[in-house]
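Read through the structure below, which is laid out as structure tokens, and then see the notes.
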Ligand code: 2E4
Ligand code: SF4
């Protein structure tokens, strides 16, 4: 039986960003430098395939510093950590390497700077996400107020409405965040925001590429993990941009082929923590079932690179 024709629109940019690239390199280089085991606090990036691969090389993933021995190196994940974490590692005389993305660290510095200038901080982010915990943890407990939605803005209990500033998580929906910021500005006209947006270049570019593809495809697949904030935002952006079937898939085996019966076009992208190998796996799965034509839709070109910490370069 001949296969049905299908066009696959590949989003560009997609997949690994500079911060993820650097974080994975840090674990690999730490393993080379110190040998196994090297401990990693939290999934280095939110992708099981990446984590499993590093575990095979000798990385041990734990959730808390308490789960690490004093005498082995520990790496902090790309999402960032509260100030108390490196402080505790130092107290225990541990060797640690911070793989926090420099663009997350930039937000940490911003929060501290505003706070030192006497402004109370509001963070726009998702409760319980490691990046939100890490950023809020740059200041003493209770100092940073969390806002997740436009509704939250109406009730956020600030000390002095004339002396506040906000920071955001780096992986939020650009459009939803605009609405939240507009509400904050309406309630607190003097609120101070970041010089340059906290939502990072990679998040912004991946969402833009999805917007360019989603309206013209029958289905949009985002390669990524359920605990990956930026990947989940890409699914939402796809739906909002007019695609009736936008789904997150970890791997090709997660594709619901029944739901895709009769389709002629599919958009594919990948979250910042999803390896290109998994995108290729998905494309191959489509080739097995359809007569595939691949088209790349490029909405931005990226050339950002981050150096690994000096301790690993020597
Ligand atoms: C750090 C900051 O934050 P998210 O859940 O999207 O993390 P993920 O590991 O999926 O992506 C990489 C990353 C890490 C993004 N921003
Ligand atoms: Fe850094 Fe942005 Fe990548 Fe997050 S998504 S690791 S903030 S570059």
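For all residues, glycine too, the Cβ spot is worked out from N, Cα and C.
No curator has checked TrEMBL annotations; they are predicted automatically.
In the shown protein chains, 26 other C-beta atoms lie within 10 A of the C-beta of residue 200 ([4Fe-4S] cluster binding site). Positions annotated as [4Fe-4S] cluster binding site by TrEMBL: 17, 101, 200.
Taken from TrEMBL, the feature (2E)-4-hydroxy-3-methylbut-2-enyl diphosphate binding site applies to 46, 79, 129, 170, 228, 229, 230, 273. Within its own chain, residue 46 ((2E)-4-hydroxy-3-methylbut-2-enyl diphosphate binding site) has 224, 225, 227, 228, 229, 231, 271, 273 as residues 6 or more apart in sequence whose C-beta sits under 8 angstroms from its own.
Mapped onto three states, the DSSP output places residue 273 ((2E)-4-hydroxy-3-methylbut-2-enyl diphosphate binding site) in coil. The Cβ neighbour count for residue 273 ((2E)-4-hydroxy-3-methylbut-2-enyl diphosphate binding site), using a 10 Å radius over every protein chain in view, is 32. Taken from TrEMBL, the feature isopentenyl diphosphate binding site covers 46, 79, 129, 228, 229, 230, 273.
According to TrEMBL, the dimethylallyl diphosphate binding site annotation covers 46, 79, 129, 228, 229, 230, 273. Secondary structure at residue 46 ((2E)-4-hydroxy-3-methylbut-2-enyl diphosphate binding site), as computed by DSSP, is coil.
Residues near residue 131 (active site, proton donor) in space but far in sequence (CB under 8 A, at least 6 apart, same chain), listed by position: 79, 80, 104, 125, 169, 170, 171, 229. Marked as active site, proton donor by TrEMBL: 131.
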Whole-number Å value for how far residue 200 ([4Fe-4S] cluster binding site) lies from residue 230 ((2E)-4-hydroxy-3-methylbut-2-enyl diphosphate binding site) (Cα to Cα) | 10
Cβ under 6 Å from ligand 2: qualifying recorded positions of 129, 131, 229 | none
How many whole Å apart are the CA atoms of residue 200 ([4Fe-4S] cluster binding site) and residue 129 ((2E)-4-hydroxy-3-methylbut-2-enyl diphosphate binding site)?
-> 17
Could you tell me which of the recorded positions 17, 79, 131, 200 have their C-beta within a distance under 6 angstroms of some atom of ligand 1?
-> 79, 131
Three-state secondary structure of residue 129 ((2E)-4-hydroxy-3-methylbut-2-enyl diphosphate binding site) from DSSP?
-> coil
Same-chain residues at least 6 positions away from residue 17 ([4Fe-4S] cluster binding site) with a Cβ under 8 Å from its Cβ, in sequence order, are 101, 200, 201, 202, 272, 302, 304
